[in-house]
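Enquirer: I grabbed these lines from Swiss-Prot:
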REGION    1-7  region 'Well-structured region'
DISULFID  CYS4-CYS46  disulfide bond
DISULFID  CYS6-CYS36  disulfide bond
SITE      ASP7  site 'Structurally important'
REGION    8-17  region 'Arg-14 loop (non-well-structured region)'
SITE      ASP9  site 'Important for sodium channel affinity and for toxin structure'
SITE      ARG12  site 'Key residue for binding both cardiac and neuronal sodium channels'
SITE      PRO13  site 'Important for sodium channel affinity'
SITE      ARG14  site 'Not essential for sodium channel affinity'
SITE      ASN16  site 'Binds to sodium channel'
SITE      LEU18  site 'Important for high affinity to sodium channel'
REGION    18-49  region 'Well-structured region'
SITE      SER19  site 'Binds to sodium channel'
SITE      GLY20  site 'Structurally important'
DISULFID  CYS29-CYS47  disulfide bond
SITE      HIS34  site 'Not important for channel affinity and toxin structure'
SITE      ILE43  site 'Structurally important'
SITE      LYS48  site 'Binds to sodium channel'
Amino acid sequence: GVPCLCDSDGPRPRGNTLSGILWFYPSGCPSGWHNCKAHGPNIGWCCKK
């Protein structure tokens, strides 16, 4: 997946570690991950639990 910003990473993408990944739905996030931000019907922002 493509790196994305999780809520726990901080307010801005720049200067922060991007610990999330963009994941295509509707298959859901990988095991051990959860959708931390809604990003349309076909893409989820998945972050580690």
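The first residue you see is number 1, and the count goes up from there.
Even glycines carry a Cβ here, placed using N, Cα and C.
Neighbours and distances for these, please.
Expert: CYS46 (disulfide bond) has a Cβ environment of 24 other Cβ atoms inside 10 Å.
Taken residue by residue with DSSP, SER19 (site 'Binds to sodium channel') is part of neither helix nor strand, so it is coil.
Residue environment of GLY20 (site 'Structurally important') contains 26 other Cβ atoms, counted within 10 Å of its Cβ in all protein chains.
Around the Cβ of CYS47 (disulfide bond), the number of neighbouring Cβ atoms within 10 Å comes to 20.
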Enquirer: Output, ordered by sequence, the same-chain residues six or more apart from LYS48 (site 'Binds to sodium channel') with a CB under 8 Å from its CB, or 'none'.
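Expert: In sequence order, SER19, GLY32, TRP33 meet the Cβ cut-off.
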